Amino acid sequence: MTHLLDTSGALAALLNEAGAERVKAILLDAKNSVGISALTLFEIDTAVFHQTGSREAADRAVQGIQEAVAEVIPFTESIVHLARDLRHAATARIATVDTLIAATAVDRRAVLVHRDPHFATLPADRPAQEMLPSKR
């Protein structure tokens, strides 16, 4: 796997927000293998349902991202251990789910694609990161 989309990166593409073009380019590049954490599916569902109030819209968003990526990576005990190490190495507080998603990228040796500045609190190359532009 070459890239892992954080929830913010996946939502950028799904909702055509800032950074959508870059995420779509990553997804369309045949050299790339792009995945997401299973936790991201939950966050996408929650965000789209909260934004729209529509169960159908949330279901379509989850289905759309599942079809766009090569793999949905399950939450595992090894990811928990990596997340614990990342949290201890972070220079500031980072949300638990974000730490687990970053640990998934480390586990898969993938570039974490996101637009969340708090990932900067993690060690510089754990995981490798590509930051998208912030929301407009």
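Cβ coordinates are placed from backbone N, Cα and C, and glycine is handled just like the others.
Note: TrEMBL annotation is automatic and uncurated.
Annotated features, as they stand in TrEMBL:
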- D6, D98: Mg(2+) binding site (BINDING)
- 4-121: domain 'PIN' (DOMAIN)
Secondary structure tally of the domain 'PIN' (4-121) (DSSP, helix then strand then coil):
77 helix, 13 strand, 28 coil
Looking at the domain 'PIN' (4-121) alone, can you tell me the average pLDDT?
96
